[in-house]
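One structure is given below, encoded as structure tokens.
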Amino acid sequence: MKKFLSTLTIDGVTRSDQGQYICEASSGMMTMKSNTSVRVHEKPFVAFDSSMESLVEATVGDRVKVPVKYLAYPTPEIKWYKNGRPIESNHTIKGEKELIIMEVSEKDTGNYTVVLTNPMSKEKQSHVVSLVVNVPPQIGEKSLISLVDSYQYGTTQMLTCTVYSVPPPHHIRWYWQLEECAYKPAQAVLMTNPYTCKEWRNVDDFQGGNKIEVNKNQFAIIEGKNKTVSTLVIQAANVSALYKCEAINKVGRGERVISFHVTRGPKITLQPHSQPTEQESVSLWCSADRTMFEDLTWYKFSPQALPIRSGELPTPVCKNLDALWKMNSTKISNGTSDILIVELQNASLQDQGDYVCFAQDRKTKKKHCVVRQLTVLERVAPMITGNLENQTTSIGETIEVSCTTSGNPAPQVTWFKDNETLVEDSGIVLKDGNRNLTIRRVRKEDEGLYTCQACSVLGCAKVEAFFIVEGAQEKTNLEVIILVGTAVIAMFFWLLLVIVLRTVKRANGGELKTGYLSIVMDPDELPLDEHCERLPYDASKWEFPRDRLKLGKPLGRGAFGQVIEADAFGIDKTATCRTVAVKMLKEGATHSEHRALMSELKILIHIGHHLNVVNLLGACTKPGGPLMVIVEFCKFGNLSTYLRNKRNEFVPYKTKGARFRQGKEYVGEITMDPKRRLDSITSSQSSASSGFVEEKSLSDVEEEEVSEDLYKNFLTLEHLICYSFQVAKGMEFLASRKCIHRDLAARNILLSEKNVVKICDFGLARDIYKDPDYVRKGDARLPLKWMAPETIFDRVYTIQSDVWSFGVLLWEIFSLGASPYPGVKIDEEFCRRLKEGTRMRAPDYATPEIYQTMLDCWHGEPNQRPTFSELVEHLGNLLQANAQQDGKDYIVLPISETLSMEEDSGLSLPTSPVSCMEEEEVCDPKFHYDNTAGIRYCIWSTSPGGRGHFKVIWGGGGRKAASHFHI
């Protein structure tokens, strides 16, 4: 058979040549036809089909397929990218004409871009597909190998479930049932669920069980992820039970079953401590009353003991002792108690695990088991992190160096100078276990080679640095004697002058002559406000003409003082008009009230300028008019009112399509409310406003500047931590100036532009006789809710009492402006309970870390409370962690003006644990927090162009936690 080929060629094809072409072949006896269509395009093109998907949702483990839909001629080249990086086909992801992910995981979440390239015209088209991978709820807590926890009878206990899911769980619910349900050993042997139990009951129905005190959910950043922590507080452990927390979101559910075994039985202690290091000896002591218990025995879990499968309930320890290893032990008696001791000599990592002390009730024969987990720490040789740096200094200056060490056991640190041991002496100070070396009043003989050596039983590590001392030799001994003698004589005359001044003051009814105002007492000797009358006032620097001050509406009124909004023309030495706040007395004010306002003016001058403090701008003190103190103006009012008005717009984290919570309930999708104005806030009678200056040029003084409105934005957890951090920074500055605030509360924190908060104290502008926050105690009205116990009982005001008030301020912030101690009558009984250790529960929006910070601030011993510098470091850590959760590399806090840097009803009782700047002349309008790990210290640095940034250096840090029970 012969084959024939016929070809049709069309040269110079045009649009008229498109259509259907038929090829017909005939042999005379039969005819065959074949047709084809020809479409002619004017030019090459490429475009995506409108039906191409832009959002794809999947669940972890699914197979995801995203086809590419397009119109093009000729066939384009297809290339896939993820987050800007090309995707190469592999066994997991295949991408060509369609994107296929075989088993999608959470790390596959992201934006996928498909790029089409026309091979003729090289035209490119791109389309972005967002892949959201949903994760069913996962419970974070891992049960101990024992799978059961024993709790002492009558104690308050806290159970937690830490849930991670995408999206967050719709709800987390707790259920319970009695532990004593039918037990079938045969099923346990067959490795199936050995329980036949009744239906689970909601914890709200606790009849016949343990009374529930608190059941709440909180958001927390754990291991870099946004998780929900559900907490169940059992008021008193009276009944053994099983508790189950169940979390559900739209793609699945997760649950955790906790065996809550209540015992009046034996107690376990570890000697000498609970976490020994390898090769140390440790003793496990189990004690029980021998009049009640018998057969004390020690057991240890084997790695295969008590296996559990998904969905099964835990097997009680005391019902499966055959699966445990029996331990050799020694028995001793102490009074009416028997003590069973297991000695672990030269403990190793193999010794760590769960140990069970068994005892049997002599009368009822009921079995009691108590479980204790032993952790053995691995031995680590000494290490010194970082190197010492060679230094050059001048005679009389101070050298400070640190030698940071690590290792287990903790190494001993020794300093050497020129290979000879360095000991503390005059001018040589060693602190923090010899880790910090300070050389004061450096002398020429201090020059040399310094070595830091850290040693333990595992060896030594050392670092070295050479210190060079420049300058002339020290003065002779005679010169030193002359200087000391001169200082002693000067001190004698200074004391004599103080005595004379006090005598004059008494003789003149407490009035001081103007000439004596130039005497400034040493702020290291007394708190600032105890000698403010002797502070100077430089009229040439601070006096401002009254005729250039245009008074406006009142911002706040009190019993004898008021604050008024005003326009000040040229107060910044330029032809501008600024809105300011003016503090002044009411008509008929007494001489002592006038002197109090003058003292406040001098304090503001002495303190100097700081970003987070309401700063002084000027004053009008000359005769012929009222005394006026001009300070910055804050347009958004006080923080307490602002937070209360933002409660319906609070969302913990800024995420797309996020759902937010009000109180304990979840509310629908976030929508932007209509814009609200702040007129009612800035005119509030509860607090005066004062903050950053608004500027208007003289050419358009009448034209209002359009500024941001904080009320149109949502309030997030990051904002709350940021406000707390800024207040801590401001208080750190005030403390460094020996200034005690005495009334630190959200009503005395003002909010300015760009979310900057400022500390103020408008005592003159608040009528404390009408303010419910001020309670009468004796003849005075005091803010008792914010006061430390030593202040209430002993009238002692210190920086440490300000730290207590800061803890209450944190409670206000994280309750969104609620009044502290809600529902509690503030009387003598309240003061007594406060002194005995009663504390507020965590507010609704506080993370565990924030609540622990509050408890630290409320320590009964003032010296055990953190300093404001430590609070700045800790809150900076939390702020950074929150920023990393939001995917930020740094936090930007714009500042509207450069500044001189010189200048529920319920109480609970904490029980045992369970669980910036350097001074620069000009600061930049933005803070930048470097994205590293764990704040160590903060500095300001300035670029060559004169702009500065706030840099946070990070390092490690420990955390505490506390459980509490209801009073």
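Cβ from N, Cα, C; glycine included.
The active site, proton acceptor feature in TrEMBL is assigned to Asp743. For Gly556, Arg557, Gly558, Ala559, Phe560, Gly561, Gln562, Val563, Lys583, Arg747, the entry in TrEMBL reads ATP binding site. Here TrEMBL flags Asn748, Asp761 as Mg(2+) binding site. Residues or ranges marked as domain 'Ig-like' in TrEMBL: 44-130, 137-263, 266-375, 382-454. As annotated by TrEMBL, domain 'Protein kinase' applies to 549-877. The transmembrane segment feature in TrEMBL is assigned to 480-501.
Along the domain 'Ig-like' (137-263), the predicted structure has mean pLDDT 78.
Of the listed binding-site residues, namely Gln562, Asn748, the sparsest Cβ surroundings within 10 Å are found at Gln562. The least crowded of the recorded positions Asp743, Asp761, judged by other CB atoms within 10 A of its own CB, is Asp761. For the binding-site residues listed here (Gly556, Gly558), the lowest count of other CB atoms within 10 A around the CB belongs to Gly558. Checking each of the recorded positions Asp743, Asn748, Asp761 against Gln562 (ATP binding site) by C-alpha distance, the shortest gap belongs to Asp761.
Taking the C-alpha positions, the distance from Asp761 (Mg(2+) binding site) to Gly558 (ATP binding site) comes to 13 Å. DSSP classifies Asp761 (Mg(2+) binding site) as coil under the three-state reduction. For the recorded site, Lys583 (ATP binding site), the DSSP three-state label reads strand. Gly556 (ATP binding site) sits 17 Å from Asp743 (active site, proton acceptor), counting Cα to Cα.
Across the domain 'Ig-like' (44-130), the DSSP tally of helix, strand and coil residues reads 3 helix, 47 strand, 37 coil. For the recorded site, Gly556 (ATP binding site), the DSSP three-state label reads strand. DSSP assignment over the domain 'Ig-like' (266-375) gives 9 helix, 56 strand, 45 coil. DSSP assigns Gln562 (ATP binding site) to a strand in the three-state reduction. For Lys583 (ATP binding site), other Cβ atoms within 10 Å of its Cβ number 27.
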